[in-house]
Each structure stands twice: as structure tokens, then as C-alpha cells.
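Some notes on the structure that comes next.
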Amino acid sequence: MPGRLTLPTLCLFLLPWACTVFHRAQGDPASHPGPHYLLPPIHEVIHSHRGATATLPCVLGTSPPSYKVRWSKVEPGELRETLILITNGLQARGYGPLGGRARMRRGHRLDASLVIADVRLEDEGRYRCELINGIEDESVALTLRLEGVVFPYQPSRGRYQFNYYEAKQACEEQDGRLATSAQLYQAWTEGLDWCNAGWLLEGSVRYPVLTARAPCGGRGRPGIRSYGPRDRKRDRYDAFCFTSALAGQVFFVPGRLTLSEAHAACGRRGAVVAKVGHLYAAWKFSGLDQCDGGWLADGSVRFPITTPRPRCGGLPDPGVRSFGFPRPQQATYGTYCYAEK
């Protein structure tokens with residue numbers, strides 16, 4: 001009807017509370033005027049690498065009269081959080097193994113960002129910055145993601161020997177840790193194709209298939225095959241390990257050495273026989289390319305290839321090739337050594 005006033009126009013003439021009711025009915029954000037002190041992070045995923053210093057941002061838009069900030073890490077595969085640090089804006093106290101390497105950035109008076117020095121493999125994961133002011137607690141979540149490489153691992157006695165806890169220990173002994181499902185997926189997108197199932201950090205068992213084939217779950221679509229959660233003590237599989245950049249250097253010593261002679265050869269050069277994780281990291285991050293089998297600390301013989309060629313394993317893709325676990329007394333191979341810088 002001509003001349004009819006619309007509801008927004010009426011707001012110009014009615015009492016202020018009427019406008020407020022209209023806005024609330026429309027879901028205007030202004031209808032929730034409670035304090036929102038923490039600013040949302042610009043980037044929720046922070047990328048870093050082993051040995052670096054990482055900063056997890058947590059910034060207040062305004063400061064409550066009295067508050068504390070609590071930093072914690074959400075442990076994957078476990079229904080718990082590990083306390084890292086608590087601060088009241090003036091003083092901070094660290095807790096647990098990570099607390100000794102964690103501190104507040106304090107770039108300004110509203111900065112509650114967490115700085116982690118000498119980042120380690122186990123630091124990757126999800127973190128929570130929680131503001132506690134006694135009235136309306138708030139939190140923001142961030143993920144610290146390390147650049148790294150996933151490698152499958154099985155012991156000298158053959159496939160499917162590890163329960164979950166043995167797989168976890170095996171990865172740590174090879175300068176790694178059990179990979180997460182997200183890390184395995186990333187490795188699959190980068191070319192990892194492996195037909196043996198392995199434990200992951202969350203307690204699930206999976207394997208990545210790029211070329212679908214009958215022995216690897218059938219001829220369906222490529223992807224990550226999953227056995228789902230398994231019994232961590234009873235069930236036995238291989239392990240998928242994750243490692244990141246090295247602080248030291250891997251180098252090859254030629255010769256026809258037994259395993260004990262390999263240890264001696266590395267020792268004379270101020271180094272130790274490299275672990276499997278060392279070799280994968282050197283291949284991934286330093287481009288190590290060596291067409292010679294060499295002993296590693298676990299008694300396996302492997303070699304890294306970045307430029308595939310006919311007489312270097314015969315496979316068309318880059319990777320770390322394996323000769324398995326020869327007899328330790330077999331004097332046939334050189335050795336890969338690892339030295340700290």
C-alpha cells in the first residue's frame with residue numbers, strides 16, 4: 001500500500017528498545033554484547049620443522065581486569081590435554097617436559113603467544129590457548145605441523161611383528177615417531193605406495209595405495225586403506241614412522257664392510273652408523289642420492305635415490321631402496337654415517 005512505513009523506518013521513530021528487538025530477531029551479532037577478549041588467529045595451522053623455534057599466536061583484543069592464560073597440548077589418540085604453561089600477564093610458569101622449552105612471546109601487553117624453542121617431533125599436534133577470567137572463559141585452538149617424511153618400518157624378523165607400543169618404540173629408535181593419519185595422507189599424496197598395514201599414532205592401522213591391485217585391497221580406487229582401531233596390545237602390524245629435518249649430516253663410506261666394521265668406520269670419522277630415519281630425512285631434505293647399499297644401525301642395508309636410473313634399484317620413482325637385513329658378518333656393503341654439526 002502506498003505510504004506504508006517499513007519496520008526499519010519505524011525504528012527511526014520508536015523507542016531504542018524496539019530497534020534492539022528488531023536486530024535480535026534478525027540475528028545481528030551486536031545482540032551478543034558479552035566480552036570476547038581473544039582475537040581469532042589469522043592462521044590456525046603453524047608450519048615448522050625440527051630444531052626450529054615456533055610461535056603459536058594468541059592475542060587479546062582487550063584485557064580483562066583479572067585473568068590467566070593457560071596453554072595446553074591435546075594429545076592425539078588420548079582423551080587428555082597436557083599442561084604447558086600458565087601466565088597472569090606478568091609472570092609465567094612452565095609445566096611438564098615441554099614447559100622447559102616454552103615461554104611467552106610478550107611482544108606487547110596483550111600478547112599471550114607461546115614460543116617453543118628447539119621444536120621436536122613430539123611437539124607436532126593441536127594446542128589450546130585458554131583465557132580464564134572467572135566469568136566467561138574463552139579459548140582458541142591452533143595446530144603445529146612439522147615438515148617431514150613418513151617411512152614404513154618392519155624389523156629383521158619380518159612383517160607384522162609389532163603391537164602398538166612396540167611400533168611406537170621402534171619408530172623412536174629409528175629417529176622418528178609414529179606417524180599420524182594426517183601425515184600418512186600427506187605422504188600418500190606425495191607418492192607413498194605401500195601394501196603392508198602399519199600402526200599410526202592415534203592407534204588405527206592403515207596403509208596407502210597409489211596403484212590399486214589385487215594384493216593391496218583389491219582393484220578399486222587408490223587411497224588410504226583402513227583397518228580401523230585395533231587392540232593395541234594383541235594385534236600386530238608394521239609401523240609408519242615420521243621424521244623431520246636433521247641437525248646433522250648423513251654421508252656414505254664406501255667399502256666391503258661387516259656391520260661391526262661399519263660401526264668402526266663411522267666412529268673413526270667422529271660419527272655413528274645412521275638410523276633409518278636419518279637416511280630418509282637426508283634423502284628428503286638434503287637430496288642425498290647414492291647408488292650404493294650401506295649398513296644402517298638396525299642392521300638393514302639401504303640406499304637413497306633422488307634421480308631414478310636403470311641400475312639403481314630399477315624403480316621409476318625416487319625413494320629409499322632396501323636390501324633387507326643381510327647377515328651382519330656379510331662383508332659386502334659400505335655404510336651410511338651420521339654426524340652432528
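Residue numbering: from 1, along the chain as shown.
Positions of Cβ are set from backbone N, Cα and C atoms, glycine also.
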Checklist entry - When you check TrEMBL, which of Cys266, Cys312 turns out to share a disulphide bond with Cys291? => result Cys312
Checklist outcome for this item: Cα-Cα, Cys312 (disulfide bond) versus Cys195 (disulfide bond), nearest Å, comes out at 22
Checklist entry - What is the interatomic distance between the Cα atoms of Cys291 (disulfide bond) and Cys195 (disulfide bond), given in whole Å? => result 24
Checklist outcome for this item: Least surrounded, by Cβ count within 10 Å, of the disulfide-bonded residues Cys216, Cys312 is Cys312
Checklist outcome for this item: For the domain 'Link' (246-339), the DSSP residue counts stand at 21 helix, 29 strand, 44 coil
